[in-house]
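Student: Sharing a structure here in structure tokens format.
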Amino acid sequence: MNPIVKSFEYGQHTVTLETGVIARQADAAVLASMGDTTVLVTVVGKKAEEPGRDFFPLTVNYQEKTYAAGKIPGGFFKREGRPSEGETLTARLIDRPIRPLFPNGFKNEVQVIITVVSVDPEISPEVISMIGTSAALSISGIPFNGPLGSARVGYVDGEYILNPTVSQLENSQLELSVAGTENAVLMVESEADALPEEVMLGAVVYGHEQQQVVIQAIKELKAEVNKPMWDWTAPVQNEELVAKVKDLAEAGLTEAYQIVVKQDRYAQVDVVKTAAKEALLAENPDADAREIDGLLGSLEKKVVRSRIIAGNPRIDGREPDMVRALSVMAGVLPRTHGSALFTRGETQALVTCTLGTERDAQKIDSIMGEQTSRFMLHYNFPPYSVGETGMVGSPKRREIGHGKLAWRGIHAVMPTAEEFPYSIRVVSEITESNGSSSMASVCGTSLALMDAGVPIKTSVAGIAMGLVKEGDDFVVLSDILGDEDHLGDMDFKVAGTRDGVTALQMDIKIEGITKEIMQIALQQAYGARVHILNVMDQAISGHRAEISDHAPRITTLKINPEKIRDVIGKGGATIRALTEETGTTIELEDDGTVKIASANGDATKEAIRRIQEITAEVEVGTVYNGKVVRIVDFGAFVTILPGKDGLVHISQIAEERVANVSDYLEVGQEVKVKVMEVDRQGRVRLSMKEAQPKEEAASE
């Protein structure tokens, strides 16, 4: 075994790429390390293309092994199971920038598997996983127009930080991942604390500049490995068939794309394509139907793009910077804690907000450690939203990714636990879709949170931008349709407030997207965002003063930390009885903080009263209403507070001499007693005689 190793300094860490020792039967395998965080990346491709396949079957699997952090998995089986949400998001993060780097026409199956085998809790595996993937693909011999670089950028005290540690990110106003080739940015994913557009763009440029050292190192590794490239050539286009397809379908497609309503337009496009295909197959029955479909798709793309570049109105008749018609409603569902219906053209999101207690928070156990998330956002994309049938069940990768993007857009304006001690779950149901449903979810979430009475800092809106570029000519499109997303060169989603950007996601399919183009897109997005915020503010411009009557109201009180055990009781008996009898949820913290949650105000008051009784201190000189619990020859034991008994000596029962206690008292009798003394052992001495002059009993 002859290892080939390449090391370089990258930000605060040393990156090492090694190949030739592990997983040698794969087309390529790279052991990539950043500090003590190490991933094994393997690439395998099938040499033979499956006949009739009309798509590129690339699979990216990212898996975190618990042994990497020195842990044993939980659960009955004690082994890793299905991918977590975090693993799914990382797999998407890697897939997005590498997919456009495979050549057009390449349809051989390729599988990339990234396995985290060692982890430093201060160094997240995402960046080194992307670097390792780029290196493995570059040395595999598989057609790949890389290499690709990757960087994470933080922003602290007005300075950009390259590949910040987990601790540094806690104080950072920005967490931005950027990936690209030597000449082009391909992917951006970020979350920010409402930063100005120029700071966001500066972070993208900074990250792309810094990752050049990665690209250079991978080039050197590729030269040293020197593996022969696959003998693959792009399929030759049948120019005669291209001309026939154009003659038969171009005019019809041009007309079809002037139909504004999506479903009607799709129906007409299908009519045109079917007629052209049938005519070509009638002329030549041996023609490849899939090839015809591909050429019709290419022609469709060309028709739409050429109209936009020529300055004609867009598919639905809008100008490039126009946002579709908006409809905004808050409080649309009667029993939810908060709800909103946000409609932008043919994209619609029904968003609900549910408030819960701290025990409803999501507990995340990953190799980076345990975390608790009080704010959850789930995105659902049912098939009916696009007029189709399909499977309904657990969320797919896309739904998880879109939900996380919307979460990032809102997270910066969420209140702290001290400001609002609730767990919050938002669900966005996409009921109609024609482009930018994740950004509709951002708008709907902002509205639903305010309707629920959540004190978010300010409203947030999101917009999806697109780009069509031919040579030096380009047009930036605001609020793109699904077709414009599919046929365009860039998908550029921006969420933010009036003051700045909270989330930015960018996927670029071509080279040549300059800083100036991105600047224009960000400025155009700002104008669209402010327009949407103005419309949203007409429906609801601030959070409701009161939370819903159906939501649990959380009341917080403080008790002596030494009294926590009294509230819990033996084996939890006291707190269990409290919650069952009052119908409340009670949470105790080590510092003596007690949180009582209930939608019923009277139940909350009763729980508070009983907790105060349990935790109250016996005060010397105070008169209590007590209950006789036991009679003995020398007096009676009286309960004055829950769990606190005192002795009334026979001499303290009455002014006159008492010969027999039972003549004056019986078990269960309520009496007024005054606390005379509490000795060092906590024993309480009571007197009925001394309590008699008191007109009122002390109430605790």
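Just so you know, the numbers here start at 1 and follow the chain as drawn.
Any Cβ shown, glycine's included, is placed from N, Cα and C.
Annotated Mg(2+) binding site per Swiss-Prot: ASP485, ASP491, in sequence order, evidence recorded as sequence analysis. Swiss-Prot lists 552-611 with the feature domain 'KH', giving sequence analysis as the kind of evidence. The feature domain 'S1 motif' is assigned by Swiss-Prot to 621-689.
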Student: If you count Cβ atoms within 10 Å of the Cβ of ASP491 (Mg(2+) binding site), leaving out that atom itself, what do you get?
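Tutor: Here the count is 21.
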Student: Using DSSP, how many residues of the domain 'S1 motif' (621-689) fall into helix, strand and coil, respectively?
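Tutor: So the domain 'S1 motif' (621-689) is made up of 6 helix, 36 strand, 27 coil.
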Student: Far apart in sequence but close in space: which same-chain residues, 6 or more away, have a Cβ under 8 Å from ASP485 (Mg(2+) binding site)?
Tutor: GLY435, SER436, ALA464, GLY466, ASP491
Student: For the domain 'KH' (552-611), jot down how many residues DSSP puts in helix, in strand and in coil.
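Tutor: Helix/strand/coil tally for the domain 'KH' (552-611): 32 helix, 16 strand, 12 coil.
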